[in-house]
Structures are given as C-alpha cells and as structure tokens.
Amino acid sequence: MAANIHDQSFSIVFGLLGNILSFFVYLAPLPTFYKIFKKKSTEGFQSIPYSVALFSAMLLLYYAFLKQHDAVMLITINSIGSCIESIYLIFYLIFATKTARINTTKLVIFFNIVALGLIILVTLVFFKGHLRVSIVGWICAIFSVCVFAAPLSIIRLVIKTKSVEYMPFPLSFFLTLCAITWFLYGFSLKDFYIATPNILGFSFGITQMILYLVYRGETKALVLPDSNNKVQLEQFPNANNVQQSTVNQNQEGAMNYGVAGMISNSQVVPSELNV
C-alpha cells in the first residue's frame with residue numbers, strides 16, 4: 001500500500017513536470033508561424049509535422065480516456081496539444097497556396113478522420129475492457145517507435161556535413177529532458193506503453209547532444225543538391241536561409257509527435273516542398 005502511494009506521488013510529480021516541459025515544446029513552432037505571418041506566405045514550410053502531431057495527441061487522448069485511472073496528466077497535455085496543433089494548422093491554411101491548402105486538408109482528413117476514426121471504430125466494436133486499452137496502447141507505442149526513427153536522418157546529415165547548423169543544442173537538450181520525464185512518469189505507473197517509446201527518445205537525444213559537442217566548432221554548411229542528386233556543401237558565414245528555416249521548422253513541428261508518450265525530437269532533411 002505504501003509502495004503504491006509512493007509510486008503515485010512520483011507519477012504526479014513527473015506528470016506535472018512533463019506537462020510543463022511539453023507545453024513549452026508545443027510552443028516551439030511559434031517563431032516559424034511568426035515568419036509565416038510576417039511574409040503572409042508559408043513559402044517552403046511544411047504542414048505534415050503539425051498534421052501528424054495532431055493525430056498523435058488525439059490518439060493519446062483516446063488511450064487516456066480508455067485507461068481512465070491515472071490518466072489526468074495525459075488528458076491535460078494532449079488536450080492542450082490538440083488545441084495548439086489545430087490552431088497551427090488553421091493558421092497554416094490561411095497563408096498557404098491553393099495546392100498546399102488542398103494537400104494539408106487531405107492530410108488532416110486522412111490522419112484525424114479516416115485513420116483515427118478507423119482505430120476508434122474497430123477497438124470499440126471488436127474489443128472490450130483491458131484488451132481494448134492494451135491494443136490502443138500498442139498502437140500508440142508502435143506509432144511512436146516509427147516516429148522516433150526520424151532523428152536518424154538529421155544524425156546522418158550532421159555526420160556527413162560535420163556541421164550542427166541544423167541541430168540546435170537547446171532544442172535537443174529540452175526534448176531529451178522531456179523524454180526522460182515521460183519515461184519516469186510511465187515507469188512509475190508501470191505504463192510501459194508510455195515509458196518504453198521514450199527510451200528511444202532520450203537515447204536519440206543524448207546521441208544528438210554528443211554529436212553537437214563533437215562538431216560544434218566546425219564551419220557552418222548548407223546542403224544543396226547538385227545536378228547528379230549528390231550532396232554539395234556550400235560555406236556560409238550565417239546560413240539563415242530558406243532551406244535552413246525549413247529544417248528548423250520540421251524540427252520544431254515534428255518534435256511534438258504525440259507529447260506524453262511519443263515525444264520526439266524528430267527531424268527531417270531539408271526540403272522545399274509545400275506539403
């Protein structure tokens with residue numbers, strides 16, 4: 001009995017800390033949307049990180065409501081996250097081109113109506129009780145693991161370019177701290193659907209911070225494709241350009257892929273596609 005109370009106290013502390021950290025993580029894309037607002041254009045910025053983040057937050061909300069017990073922390077942060085990601089997507093749609101607006105609408109329909117709706121329908125109709133919770137928990141965990149594979153691309157990019165231009169240290173640090181917090185929260189409740197994916201989260205985060213320490217003194221580089229689709233490095237004293245902004249935007253947006261269970265410092269390689 002005393003052990004259960006002790007574990008519950010720890011889960012409350014870690015849950016509160018996770019909520020605070022995750023809230024600020026959700027706010028990380030604000031500079032991106034300020035740029036969009038100033039230029040009245042989405043330019044090379046993509047919407048897929050926010051579409052996936054909204055899907056993840058809503059999926060975790062469904063899991064939390066099914067779980068019922070010890071789910072308050074999950075419900076609060078993912079409710080907030082769902083609202084924030086929805087605002088980001090609405091803001092994006094206002095300033096997007098017609099093509100980008102259509103593609104973003106398709107993404108939202110696919111993830112948050114078709115995919116989420118199918119998961120809810122199947123689990124409610126064909127499964128009951130603890131089995132239903134377990135299946136949804138496994139879906140959350142598997143999706144999380146897939147998302148956590150994304151940092152491999154930026155790690156590869158850093159090693160290839162020997163530059164940390166695309167991998168800000170503060171962002172990696174706070175995402176690692178956030179992943180550790182949610183791991184401890186899940187572990188204290190013996191909720192391994194929450195705890196297990198975050199092992200990958202803080203592992204990749206620590207790897208990124210080590211790479212930062214190794215390559216932080218190197219010259220900043222901008223990755224450009226040549227005519228043979230090979231990577232070229234072009235040196236810039238300050239590479240504050242569209243491609244770098246696109247990488248940072250994806251880093252800011254994709255890192256929220258489901259806070260409190262799928263928190264991820266996911267990044268993708270530079271792209272000029274408006275998705």
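Just so it is clear, glycine is given a Cβ too, placed from its N, Cα and C backbone atoms.
TrEMBL has this to say about the protein:
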| type | residues | note |
| --- | --- | --- |
| TRANSMEM | 12-36 | transmembrane segment |
| TRANSMEM | 48-65 | transmembrane segment |
| TRANSMEM | 71-95 | transmembrane segment |
| TRANSMEM | 107-127 | transmembrane segment |
| TRANSMEM | 133-159 | transmembrane segment |
| TRANSMEM | 166-186 | transmembrane segment |
| TRANSMEM | 192-215 | transmembrane segment |
- Query: Given the transmembrane segment (166-186), which of the listed stretches 12-36, 48-65, 71-95, 107-127, 133-159 has the most Cβ pairs that are under 8 Å apart from it?
  - Reply: 12-36
- Could you tell me whether the transmembrane segment (48-65) and the transmembrane segment (133-159) are in contact, taking contact to mean 3+ Cβ pairs under 8 Å with a sequence separation of 6 or more? yes
- Query: Which bits of the chain, at least 6 residues beyond where the transmembrane segment (107-127) starts or stops, bring a Cβ under 8 A of a Cβ in it?
  - Reply: 47-48, 51-52, 54-55, 58-59, 62, 89, 135-136, 139, 275
